[in-house]
Every structure is written in C-alpha cells, then in structure tokens.
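Undergrad: Attaching a single structure in structure tokens format; questions to follow.
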Amino acid sequence: MSAVTVQNLVKTYASGGRRATDDVSLEVADGEFLVLVGPSGCGKTTLLRMVAGLETPDSGRVSIGGRDVTDLPARERGLSMVFQSYAIFPHMRVRQNIGFGLTMRKVPRDEFDRRVARAAELLRLTDYLDRYPAQLSGGQRQRVAVARAIVVDAAVLLMDEPLSNLDALLRLQFRAELKRIVSQLGTTTLYVTHDQAEAMSLGDRVAVMRDGRVAQLGPPLSVYDRPSDRFVGGFLGSPPMNFLTARVRDGLLAIGDASLPAPDQLSTWDGRDVVVGVRAENIQVSAQARPGWLPARVEVVEPTGAALLLTVRLGDEQLKVQAPTTFQATPDQPLHLYAPQDSLRFYDPETSLALPLTSPSAASSPSPVTSPSP
Amino acid sequence: MSRRRRWHRAAVQAACVAITLFMGVPIYLIALAALSSRESLNRFPLPLLPTDPSTETMSTFLSSTGVTGGFLNSLTVGLGTVALALLVGVPGGYAVARYAFRGRDTYQLFLLLTRALPIVVLSVPLARVFLDTGLYDTTYAVMLLHTALALPTTVLITAAIFVGVPHEQEEAAMIFGASPPQAFLRVVAPQALPGIAAAAMFAFMLSWNEVLGATVLTLNQRTLPAQVLTTLADSPLAYRFAGGLALVLPALVFIAVMRRYLLNMWGTTLR
C-alpha cells in the first residue's frame, strides 16, 4: 500500500559541483524499516529530503504507495518526519507540538485529545504535556519530535539522524524503544544515520551509501557478513573488517611468509594478488604454534569488557583481532592466528569489489559481483 | 583578581547610572518645567523638586490651535508608518534571511543608502510628485516618506531575527501539513515577534521625531513636531517645555507597550 519507490534520483547542489545523489534507485517495501547509512556527505540526507519533498531532484521520480509524488509539495505526500535537530516549536506547549499535524488537518477536539494522549503515553510524555520545550531535557524533546511524527498516522515515516543529538547511554536506550514503537505501528520507515551500529540494530534492510550512490543494499547481517566492496566492509562493524594483501600461488594463499590453502573461488586468480577481508571476531588466537596457523605479534591490547581487542602485526600488515578475555596477552608477545576459510572474503585489489563466490566457468574472465542479491 | 573584578563591576554600575541619568534627567527637567506654573519657572535658584505643581501651562498648550490636530496627525502617520513598514519590510527581511539570491549582500548594503541622502534632498522632489498626484498636504504623503525612511532598518532587524529561527522548524511545519504561508504565520512569526516589535518601535520613533520632511510635505496637515516647530519658535519658554513633554510622553508610552513583546514569552531567550 505505502511502499516508497525512488527511481534514478539525481541531485546536484549549486555550490557542490559533484552530484549529491547520483542516479539512486531503491524501493522500501510496505511496512519495511530501511536504513540509509554512510559517512557524512554521502548523499543519504539529500535522498531522504527528496523523498520528503523538501528538496527538488534534478531528475528521477519518487513515488509513495504507487502514486508519483515527485512534483507534490511535502504536505501533500502523506508522510511524517523526525528531524535531526528535533525541530519542535519552542513557542508551543508539548501538547500543541505533538498535535501540530492534527491541528493542520483540522481534526476535531475530542479526537485531537485522544490521539495526542495515546502518542504521549507511547513515548512516556503524559506528565509533560503542558510544558514548553525549553523545560524539557534533550531526550524528552526527542520524544516530543517522535510523538509528533507518529500521531498523524502517516503511511511513511522519515527519520533524519534522530538519535545523533543524544548522549551515548540515552541513544542506546532510545534506539530499542524506537524499534519497538516503529514495529508496533508497522509504518514504512526510511531512516538516515551515519552510525553503523544504529543501522545494523534497527534496519530490516540497510543501504550503505557512498559518494551519492548505494554501495550495497541488503539485510544488515548479510551486508555485514558479505560486504560487496572494501568500503562497505570498512564502514560497517566496529572494529572495521581487516584487509590484507595476499598472493594466490599454486592453490595456496601467501600472506607474508606464511600461506594458507586457497579456496576454489580463487582458482582463476593464480599468480595474482587478492585482498583478503576478515572480521576481527572470526580470527582465533593461540599462544602456541599449531599447524596451519599464522605467526604474528601483539602490538596493542585493549580490554573492552566483553572481549579483548588486540592489534597484531602479521608480516607487514596490521590486524584487529577479537580475543576472549581469558586470553593472556602482553605487547610484543608472539601469538598464532587462524581464520576458518568460510569467514574469508576476497576482493579485487584494483576495483575493491568482492570476487564472485563460486569460481566462474573456465573460459570467462573473473568478473566481480557488483550487487549481490539480498 | 577579585579586587579588580569588584572595581570592574563598580565601574559598570557607575556607567549604567550615568547613562540612565543622561537619558532621564532631561525628561525629568522638561516634565518639571512643563508642570510648573509660568512664574515659578523664572524663579532663581530653580527648584529641582516639584514644589509648585500646576497644569496651567500644559492645558493652555494642549488647547492652543493645531496641537490636537497635530497630535492626531502624528499618531496617524506613526501607526500608518509602522503598518506599512512591517507590511513591506517583514517579507523583505524574510527573503534576505532565507533565500540566497544574486546580489543579496549588495542589496543589504544599499538598503541603507536611502538613509545616506539628506531628508531635504528627498522631500523637495517628493513634494513635486505629491503635488502632481494630489497627495500633497495629506498624512499619506508623510506616511509614505516615513515608511521609505524606516524600511531599511525594518528589513535588517527582521532579517536578523528570522535567521535565528531554524529553517528546519518551517520544514517540519510543512511536512505536517502547513502551506508556506501557514508555516510562516504559525511557526516563524510568533518566534520573530520580539524582532518585529523592535522594528515597529524603531519605525514609530523615526516617524514621531521626523520634522523636516513633514514640514516640507504639508501645510495644514502638520504632524505634531512640525506644528510645534513652527508655532512654538516664538512662544514663551514655558510652552516650549510643554510641547517637549507632549512630544516625549506618547513615544514613551509606545515603547512601554512594545517592550512587552521584546521580552520573551515562553521562558527562554530566542537562540
């Protein structure tokens, strides 16, 4: 009913020169929570604002629920939005702020009261309805902004970094609350953030954006597990994915002086360099040498509470490794590393794109996967 | 350190008192002279306390010909100027604050150029134009001149205040169903009220005090300052004080009324 479809959206700002969004197409299914994530300046907010109708695209179409809304003003698109700066009205009490959309729709008094009360209850604002925003804390103002957005029962909910102005603890609390509220409502949601942890935890699907394009779109875990290029792997996850250069030689993968058996996937890459990507939590550590394990040296030990984050040196490369807290590690200590073959991802060193999962048929040249289907 | 700070604070206090006296004493003296009998004014030494209050001078002045008419004309022109200046200047200020258009900075600079021209230079050609159009010797003529004089400050003051209202709030209003004019009236205007009040005050004061243009552009429909200037030049000293008080009081009342809007209405300073 209220799917959002974006087709070939192009937007160039007069001051920018390069394109803020470069031919972006994507679809948010009805009731889906899609997160746009990427570093600042990647075009995610521009994309959201074009869907909202606050920005006019140079070309391309936006449709909501099958209706082309590209040329409609924001107020006729049937959506609601939470802004990064909250954008609640300082001269109105919380009640009027939450009910603003209802006032504009000329909702009758008793229905206004009922719906505002419900939204306030959902966001635990009932005791604050008669206050002015200046008398609220940052977290409460954020709740007001969310309550104002959900009270109108719009078909599509847009959120522009709604948690970025909250402190770390509050952000974590409110993130879970937001997820609960949005899944209760079942509204189609498009959510923008630069925080990869937020993207992973909230989205049904995640679109990682870079330089005005969608680099990868898929369910959070599959994007995390199988990044389609080095950028995505390096952006999602904390610590980011490790990348090391290795040479494929006679069915072996040579990393520095050591080597591992190479998977079939690399059979056509014999004699060439590949980039190996591996997540910190997929690397196992051991103080003793074992057959097939790679020797390395500890450089930095950072306890994170739940685990130990080790920075280790493997030949010329630096790796982040997540070790159990029981592992005894001191700087300069030698240790041995092992990563199961199915946790290794391979990238073309020139294009930075992921190599195809299965070995291509003998004759064809290796063509990297550009967009693995989610 | 703390001693220096104490000195600093005392100096600030002294400066405040000095400035207040500088502004207040003349008003007090005028009021004193205007409300004393004509005889006590010539006494020596002049008493600085109202020892012999009398409303005689004041009532004679107020009932003299042209004063009531001038007062009403001044009020009409003043309020008309405020209305016109806000009507034209507030949208102008909004445009300067919100939209990036070619030549915006130059425009802001040249806005003040109207004030660089002496009023006499402006009003003589204006008198001709008004004579041709039949506006000469009407309050509208003076109103138009005063509006032109007040507009630059109206635009600049309101622009400064509109910059302080985040654009995202307007966008939020539009997302939730407001048209652009509704967003302005419901969200921006209430928050810009202090600035609009300041601009209104400024326009009114300018109009209330302006003499030269009003004198050139009218014969019979004189505003109070123009009337006072021409008739009181040859009057006894006491009546000049009465005229001064009659000019100062309405201005003070207007400021007192508008001051309410200058102060904040919802418990925080704007931005």
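Just so it is clear, glycine is given a Cβ too, placed from its N, Cα and C backbone atoms.
TrEMBL entries are annotated by machine, without manual review.
Annotation comment: TrEMBL describes B:71-258 as domain 'ABC transmembrane type-1'. According to TrEMBL, the feature transmembrane segment maps to B:12-35, B:71-97, B:109-131, B:143-163, B:184-208, B:237-257.
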Undergrad: Same chain only, please: residues at least 6 beyond the ends of the transmembrane segment (B:109-131) with a C-beta under 8 Å from a C-beta of the stretch. Say none if there are none.
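TA: Result: 138, 141, 145, 148-149, 151-152, 155-156, 210, 212-213, 216-217.
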Undergrad: Using a cut-off of under 8 Å between C-beta atoms, tell me which stretch among B:12-35, B:71-97, B:237-257 contacts the transmembrane segment (B:184-208) the most.
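TA: Selected stretch: B:71-97, with the most Cβ pairs under 8 Å.
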Undergrad: Taking a Cβ cut-off under 8 Å, which residues six or more beyond the ends of the transmembrane segment (B:12-35) line up next to it in the same chain?
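TA: Contacts with the transmembrane segment (B:12-35): 41, 48, 50, 53-55, 57-58, 61, 237-238, 241-242, 244-246, 248, 252.
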